[in-house]
């Protein structure tokens, strides 16, 4: 059966498809004015259901436990990622609906997906299964006008006819998006890795035409306002993406409709973009993040010219593919997502395989422009260890201004490169690129090395050896403010200030955490001083079996 629903007048329970006419047996259901009344819970007639098993695939899908105020558009949007929705029947009195997909394959994919991921509408979990009926046929009764208008509006958008979708006639006829904004407010929670404007554009443009994006930080949260060409696309994106992670276990999307109906973008840069106005100025003389990152990665530009192919969302976001299902013409979150190469560093936490970056050879970094008088394998191990588990370090014997650093994998290498490239170490800005080497070779026995090659494969100082470690949540770019932890009770503020100024650095500020005195923030005179202090003092023995832990902080004092 499609599920159990109470019969309002009689008080018995029966399969919901019994709402349909007794004359229907595995055939189309023709919606008449009388049965429309029944479908809305206003008639107590009993109908005999057919004998088909609800587990048998059908183009018609039965949806239960809908919120009382659900709109036609919200119901339609459940099916949109899987293909064209060809018909809709709303049973509002029963908090149920039936939708008909264009193909049985699309319906099968949809049911399989929602079996694994429970859909939520307006905060309420809903239930989806195959209907006993192979086809829905509806008449022109007034009760169906809203559903048909919403279907017409959505399908016109899918076919590119935005004029019809935007027409007042479609809205007035009951388009579910009436009065709804095409602007979404997006909050990215657990932002352990950078999420750029272009990453957002690639993700959200899979649901419709993105016109404008503005990104900003509010209440210490990365947020964005994103405007679609139409509210149907906004609804589709919200239903498909809200609560999903961009990368594994982090960067969670929280999406609501904005009160704004349009965005006013003045500048095209890494913070805001109007895709309808490529002529807008950048607003400052600094190169945009796009250009900087593209240069760092040796790429001509951030955006991939190819369509969505290559890297995918994490397995939780790619259930149809993981299950071996075919998803034809998927316009939603289930289609493969190509992450721009310059955003590769952001994918480190998710271990997403990015074409051209995920090979074993790409876990080795070439670090150049080092200070040959001061560089040591240990200093590079500590610094690069902020962004991953360093396996080996080799300072080149005949060219000590160059070194090779081997990370645990390619994604950690990308993360370290994106955060450290260009920062000053021992007075010189370091340059970091991917090495052509697949691994760092240890010196042969008897080979002169002067201790310039070190193997750290089993180091106890690895920050990320435990899966799901909280250290993944505390990876930030180098900054003048350092986060200190594992401080014993006997150590005072003055003790730490003296310690951090002992190597010539200037301590500009200090603050213990109010709720946990084992942690503190300390602000150095510059980012370069903070980098040096981290190298010198991470794992410093403070006594009482406490070794100081030092990392870069996102906060300031």
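Cβ atoms here come from the backbone N, Cα and C positions, even for glycine.
Annotated by Swiss-Prot as region 'Disordered', the relevant range among 413-436, 437-460, 461-484 is 437-460.
For the modified residues 138, 459, the greatest number of Cβ atoms within 10 Å around a candidate Cβ is found at 138. Neighbour counts of Cβ atoms within 10 Å were compared across the recorded positions 65, 127, 218; the minimum falls on 218. Beyond its flanks by at least six residues, the region 'Disordered' (437-460) meets 359-361, 363-364, 377-378, 381, 389-397, 400, 404-406 of its own chain at Cβ-Cβ distances under 8 Å.
Residue 459 (phosphoserine) is 49 Å away from residue 127 (phosphotyrosine) when you measure Cα to Cα. Rounded to a whole value, the Cα-Cα separation of residue 65 (SUMO2 cross-link) and residue 218 (SUMO2 cross-link) is 36 Å. For the region 'Disordered' (437-460), the number of residues in each DSSP class (helix H, G, I; strand E, B; coil) is 0 helix, 3 strand, 21 coil. Between the CA atoms of residue 459 (phosphoserine) and residue 138 (phosphothreonine) there is a gap of 68 Å, rounded to the nearest whole number.
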